[in-house]
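Structure record follows, encoded as structure tokens.
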Amino acid sequence: MRLHLLKSKIHNAIVTSGDLEYEGSITIDSQLLELADMLPNEKVLCVNNNNGERFETYIIKGKAGSREIQLNGAAARCALPGDEIIIMTFAEIEAEKAKDFKPMILIVDHQNNPKRRHLVGEEDTPLPH
């Protein structure tokens, strides 16, 4: 049996912009992607902390250091610039391996600077801005 588990999360990211005319997706600073163990084209579930809305899309790699979190296409209607969102990826893992699996959590500040990261159940690693 395979279980669908949280793989990684960017916690409390701030939406920086939106582009309704784009084909779809979420553009994320490539440094944040690397720190969060996320990949371009990976499916994400996003939760808007301001209004509770949940939506799915896929990742586009943004410019390193830009701190951009841009919603594109229809997703741009789900959160406005300034809204706080949680971005999550998931993986299918064999039940036996799932017992020991630990997702990566990246915490960012309100300018989307990485503050700290950790595997669930382990100590935080503080990160320089």
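Just so it is clear, glycine is given a Cβ too, placed from its N, Cα and C backbone atoms.
Keep in mind it's a predicted model, so treat the numbers as computed, not measured.
As recorded in Swiss-Prot, the features of this protein are as follows:
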ACT_SITE  S25  active site, schiff-base intermediate with substrate
ACT_SITE  Y58  active site, proton donor
BINDING   T57, G73, A74, A75  substrate binding site
MOD_RES   S25  pyruvic acid (Ser)
DSSP-derived class (H/G/I helix, E/B strand, else coil) of Y58 (active site, proton donor): strand
Maximal Cα-Cα distance (Å) across residues annotated as binding substrate, namely T57, G73, A74, A75: 10
In the chain carrying S25 (active site, schiff-base intermediate with substrate), residues 6 or more apart in sequence that have Cβ under 8 angstroms from it: T57, Y58, I59, I60, N72, G73, A75
Secondary-structure category, per DSSP, in which A74 (substrate binding site) falls: helix
Output field, substrate shell: CB within 8 Å of site CB centroid, site T57, G73, A74, A75 dropped: G24, S25, I26, F55, L71, N72, A76, R77, C78
